[in-house]
């Protein structure tokens, strides 16, 4: 891929491919949220869910909001995305990101999806859910056993338990 080329992703229709050599983090279209930098793998949950316009969707581990903004975009600004996260700090960041991205069809709240009353009347139209817990990298621990002597760090395990 040439440095001045931009391609439309052959799998995810609203995803553009830029050369890896370009750093777009300070590009004005990124800073003003016309373009959102996101790895293709992060786009797959909303893309594969493919909710039709007017759908209502749970985003259960939503912060920082990139998948929320993507599913809201797929909905074309219609329907509703109920975005929640267990971390109050991350919910604040998500609110800011969604506002900057112009997402208007999302309701964001702090909470644990496993403790959410999904029978609440306000969720009666929800027919789709994204369940994509944050990656802890914990799958790497087994690979590192020979270096660490197989000893698990108990404080790290406690933090991982609360992450997801």
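Keep in mind that glycine also has a Cβ here, set from the backbone N, Cα and C atoms.
Site annotation (TrEMBL): S-adenosyl-L-methionine is bound by 85, 132, and the candidate from 39, 112, 117 recorded at this site is 112.
All protein chains shown were included, and the count of other CB atoms within 10 Å of the CB of residue 85 (S-adenosyl-L-methionine binding site) stands at 26. Spanning the residues 85, 112, 132 that the record associates with binding S-adenosyl-L-methionine, the maximal Cα-Cα distance equals 13 Å.
When each of the binding-site residues 112, 132 is scored by how many other Cβ atoms sit within 10 Å of its Cβ, 112 comes out lowest.
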